[in-house]
Amino acid sequence: MSTFTMLLPFGPQHPMLHEPAHFKFEVDGETVVNVTPYLNYVHRGIEKLLENRTYVQGLYVAARVCGICNPSHTNAFVAAVEEAMGIEPPPRAKYLRVVTQEIHRIQSHLILLAVAAEEMGFNSLFMLIWRDRERILRLIEAITGGRVMQSYDRIGGVYRDINDILAERVIKELSEMRNRVIQYRKVFSEDPIVRRRTVDVGVLKTAEMVRLGGVGPFARASAVDYDVRRDHRSNHVAYDEVPFNVITREECDVWARLIARVDETLECINMIEYALKHMPSGAIRYRAPRAAPKGAEGIGRVEAPRGELVHHTISDGQRPYRHRIRTPSFANVFPAAKAHIGYSIADIPMIYVSWDPCFSCLARVTLVDIRSGTAKVISGEELRREARRRWEK
């Protein structure tokens with residue numbers, strides 16, 4: 001490190017904060033030259049908790065890995081357990097799982113788009129997108145019974161059906177939302193301020209993304225044509241029966257990541273409408289055994305909103321002997337760190353937001369001048385203002 005390089009510790013570290021992460025930025029002038037991520041400041045021991053509970057009890061633990069995408073964790077968990085038990089859910093349950101997975105993908109993507117708008121100073125756009133997310137949450141509550149935590153999937157099926165009246169309501173509201181999402185896409189595509197803040201910023205080419213193991217919309221925005229829903233056929237959800245397009249972009253920058261999520265939101269609406277209109281009749285759940293046979297293994301792979309999520313379970317005959325979880329945010333940490341290198345301090349907020357990490361908001365930044373030894377602590381809001389000021393020039 002040269003004497004003209006500064007260290008920029010970025011992010012909260014206190015264990016009282018939700019999911020804290022710390023990124024240390026080495027800065028030469030205003031240019032980021034290296035990024036080192038520090039993780040696991042709060043390790044909750046979810047995998048060990050699962051080893052001390054039955055599979056039925058473990059379902060509710062798995063749902064609490066993440067509040068925003070908890071349906072993805074319950075879906076991956078039950079898929080792994082069902083594989084270990086050698087069972088499949090009823091056809092109707094497979095379609096219902098598609099509906100709940102995709103409607104949660106919509107609300108997750110809307111969070112990212114709203115936060116990105118706020119980071120650029122588009123407070124009105126932030127509120128408009130947030131209003132639509134609230135409408136999605138109300139639909140989720142009507143379908144599953146819960147706004148945030150649902151545990152909708154069950155081993156052998158799902159716990160709640162969708163009647164014709166509710167299906168018509170969902171189709172009607174999503175059809176109305178489609179028009180608004182198209183308008184959001186126009187703003188993100190054409191607004192000159194958005195383009196100045198996002199085009200050719202945080203570029204990570206396809207080969208580098210693949211080398212570093214990126215997943216989800218973050219990787220697909222760098223032309224990585226991979227989606228668990230299409231590329232790994234599952235007997236536990238009906239993605240092989242619901243037509244959809246995998247959204248990829250060639251630009252490999254922040255703008256591409258935002259547009260990819262807008263387009264995925266539109267694709268999710270199409271998938272939900274198709275699933276509800278072609279839903280097979282019949283049971284929503286089969287009776288499942290209390291446990292998997294001793295030594296039985298199962299892997300559940302799900303395309304969560306942020307990318308590939310994997311649950312791997314091994315049974316001891318009563319409960320998991322070992323249960324391993326690999327989340328998409330963990331896979332994306334290192335390509336995301338690489339995406340910052342060569343760009344300005346003012347670009348950090350938008351690059352960080354664009355990979356949609358499942359961490360708490362970054363609360364402060366510490367600038368350390370290696371030559372003088374002085375340090376300056378600024379808040380995340382001050383960093384946003386500085387970024388906006390730089391791009392207004």
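Heads up, the Cβ atoms here are built off N, Cα and C, so glycines get one too.
Just so it is clear, the model here is predicted, and its values are computed rather than measured.
Database features, via TrEMBL:
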BINDING   Glu47, Ile325  Mg(2+) binding site
BINDING   Cys66, Cys69, Cys358  Ni(2+) binding site
BINDING   Cys69, Cys361  Fe cation binding site
DOMAIN    120-293  domain 'NADH-quinone oxidoreductase subunit D'
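Features per TrEMBL, on structure.
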residue : record              : DSSP class
Glu47   : Mg(2+) binding site : helix
Cys66   : Ni(2+) binding site : coil
Ile325  : Mg(2+) binding site : strand
Residue pair Glu47 (Mg(2+) binding site), Cys69 (Ni(2+) binding site) - Cα distance, angstrom, rounded: 17
Arithmetic mean of per-residue pLDDT over the domain 'NADH-quinone oxidoreductase subunit D' (120-293): 94
Neighbour count (Cβ, 10 Å) for Ile325 (Mg(2+) binding site): 20
Integer Cα-Cα distance in angstrom, Ile325 (Mg(2+) binding site) to Cys66 (Ni(2+) binding site): 12
Lowest local Cβ density (other Cβ within 10 Å) among binding-site residues: Cys66, Cys69: Cys66
Glu47 (Mg(2+) binding site) CB neighbourhood, other CB atoms within 10 A: 17
